[in-house]
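Trainee: Take a look at the following structure, please.
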Amino acid sequence: MADNPLWHETLHDHFGQYFSVDNVLYHEKTDHQDLIIFDNRAFGRVMALDGVVQTTERDEFIYHEMMTHVPLLAHGNAKHVLIIGGGDGAMLREVSRHRSIETITMVEIDAGVVSFCRQYLPNHNAGAYDDPRFTLVIDDGVNFVNQTTQTFDVIISDCTDPIGPGESLFTSAFYEGCKRCLNPGGIFVAQNGVCFLQQDEAVGSHRKLSHYFRDVSFYQAAIPTYYGGIMTFAWASDNEALRHLSSEIIQARFHKANLTCRYYNPAIHTAAFALPQYLHDALSAP
């Protein structure tokens with residue numbers, strides 16, 4: 001390792017994580033982002049945008065399974081799914097495993113992200129870009145949800161952190177647009193950072209989403225390269241019952257979907273909605 005250069009993440013001040021770089025596969029500044037993909041002995045291929053790790057081959061399955069199977073199995077009858085972001089294709093891969101879904105629309109602001117991920121992160125999409133149910137739209141997510149005539153049963157916001165291009169996906173304009181194109185009984189989910197270190201993000205999202213949805217909460221998972229504690233995912237719907245389904249119902253839907261997962265299971269689904277007290281306290285503070 002001493003002979004290999006080190007890549008340091010710049011997300012937090014005063015502490016962080018580093019990766020040894022075995023081989024740089026791609027590094028280029030696009031119109032929107034500074035993007036790098038490199039090999040690391042511990043985590044396989046690593047993709048980072050603007051100095052922040054976005055995904056690694058070794059642990060991406062945790063994030064993508066939880067972002068997809070939790071809302072899709074909670075809904076129980078989703079036919080039309082919208083993914084905002086997700087250019088690496090792994091979110092699409094997991095959504096496409098649900099054969100009952102009829103259409104999958106993905107909106108990505110940067111066509112370059114999609115093209116190089118197909119080349120350099122092929123295990124992430126695993127051929128899902130060729131699914132006949134899939135449509136790719138190159139557009140700004142806020143613009144799309146406020147202009148589209150399509151409606152969706154589940155919306156998944158695979159957004160980056162709320163800096164740079166990702167900032168708009170944490171705004172009231174985006175959340176209002178998502179509510180606008182979400183079918184009755186639909187579910188919206190979004191990554192919302194590691195709540196111990198990024199608590200303000202969770203509080204801000206909760207406050208804004210509550211203007212548009214009757215039931216707003218979070219669920220969580222522990223993802224190694226998103227260090228600092230549990231990662232939270234925002235959850236918003238007008239049907240509170242969908243967040244409190246019994247493990248028996250989730251188990252039956254999981255069995256019917258014929259899924260085999262590496263992290264997600266019905267027990268994890270139910271337990272994921274249990275949140276630490278410090279987050280409850282922050283969300284309820286005046």
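Using the three backbone atoms N, Cα and C, a Cβ is placed for every residue, glycine included.
Sequence annotations record features per position, and here Swiss-Prot assigns active site, proton acceptor to Asp158 based on sequence analysis. Per Swiss-Prot, S-methyl-5'-thioadenosine binding site is recorded for Gln33, Glu108, Asp140, Gly141, Pro165, and the stated evidence type is sequence analysis. The spermidine binding site feature in Swiss-Prot is assigned to His64, Asp88, Asp158, Cys159, Thr160, Asp161; the stated evidence is sequence analysis. Annotated domain 'PABS' per Swiss-Prot: 5-238, in sequence order.
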Trainee: Where does Cys159 (spermidine binding site) sit by DSSP, helix, strand or coil?
Mentor: coil
Trainee: Can you tell me how many other Cβ atoms are located within 10 Å of the Cβ belonging to His64 (spermidine binding site)?
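Mentor: Counting Cβ neighbours of His64 (spermidine binding site) within 10 Å gives 24.
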Trainee: Across all chains shown, how many C-beta atoms besides its own are within 10 angstroms of the C-beta of Asp140 (S-methyl-5'-thioadenosine binding site)?
Mentor: 17
Trainee: So what pLDDT does the domain 'PABS' (5-238) average out to?
Mentor: 93
Trainee: Near Asp140 (S-methyl-5'-thioadenosine binding site), which of the recorded positions His64, Asp88, Asp158, Cys159, Thr160 can be found within 10 Å, Cα to Cα?
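Mentor: Hits: none.
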Trainee: From the Cα of Asp88 (spermidine binding site) across to the Cα of Gln33 (S-methyl-5'-thioadenosine binding site), what is the distance in angstrom?
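Mentor: Answer for this pair: 14 Å between alpha carbons.
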Trainee: Of the binding-site residues His64, Asp88, Thr160, which one has its Cα closest to the Cα of Gly141 (S-methyl-5'-thioadenosine binding site)?
Mentor: Thr160
Trainee: Between Asp88 (spermidine binding site) and Glu108 (S-methyl-5'-thioadenosine binding site), what C-alpha distance do you get in Å?
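Mentor: So the Cα of Glu108 (S-methyl-5'-thioadenosine binding site) lies 10 Å away from that of Asp88 (spermidine binding site).
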Trainee: Kindly assign Gly141 (S-methyl-5'-thioadenosine binding site) to one of the three DSSP-derived states: helix, strand or coil.
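Mentor: Helix, per DSSP.
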